[in-house]
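Now, the feature entries from TrEMBL:
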BINDING   SER29, VAL166, TYR184  molybdate binding site
SIGNAL    1-18  signal peptide
Amino acid sequence: MRRIFTLIGLLLVVPVWAADQITVFAAASTTNAIQDIAALYQKEKGVEVKTSFAAASALAKQIEQGAPADVFISADLKWMDYLDGKDKIVKTSRRNLMGNQLVLIAPKGKAFPVKLEKSFDLPGAFEGRWCSCVQSVPIGQYSQQALTALGWWAALEPRLAAAPDVRSALAFVERGECAVGIVYATDAKVSDKVEVLATFPSDSHSPVLYPAALVQGAKPAAKGFLEFLASSQAAAIFSRYGFTVIK
């Protein structure tokens, strides 16, 4: 009889434990901020937040294929729109959390003067390869847009070392494997191994926005975390890492 009561007790406990654990899929550029926010939320609410960081494109494809995510945070509108079109997110939960900037970086100690204007010859200002991301990744698309607007894309495309996500691109430049790179301002901010050469004009590329939404079938606890992402506490963390909070 005691064994029966023990089994019943376990059946009652397991669903409660599972309900207090959520999984967040977030774009690689949000890594530090989301880790801090998840830790704070877990401490205050007692909900375990598991995180997975990668390129927004890769995460969106995983969600489309049934990966067990509760919340998705993208680095652009395109991949959130993609999942919306596949009916993989809760439409009414979608919101834009913050924005970012695009910057040109070089390894620490190897900076050189740069003017982000068409009259400047960026391709001739450095030797070797430069790094950003593949075109399916938001930062790769923003980079092409910015370089095209300034008239440099055609000359620089053959010298591109394409990384799978922005943190990998940052690492290439940190190690000196690329002379320059294009990353988000927030990524450059968390590294002491690179220097920012210039910030691309906002009108040279599409706005860098980070939408978040609940994934279809998300656990009830996920709604609270999504709401927390829009709180003043989360906003302070986003701002600390260099994001522009959308109110």
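Even glycines carry a Cβ here, placed using N, Cα and C.
TrEMBL: automatically predicted annotations, no manual curation.
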Largest separation between Cα atoms (Å) of residues that the record links to molybdate, namely SER29, VAL166, TYR184: 8
Extra residues within 8 Å (Cβ to Cβ centroid of SER29, VAL166, TYR184), molybdate: ALA27, ALA28, THR30, ALA75, ASN100, ILE139, ASP165, ARG167, LEU170, VAL183, THR186, ASP187
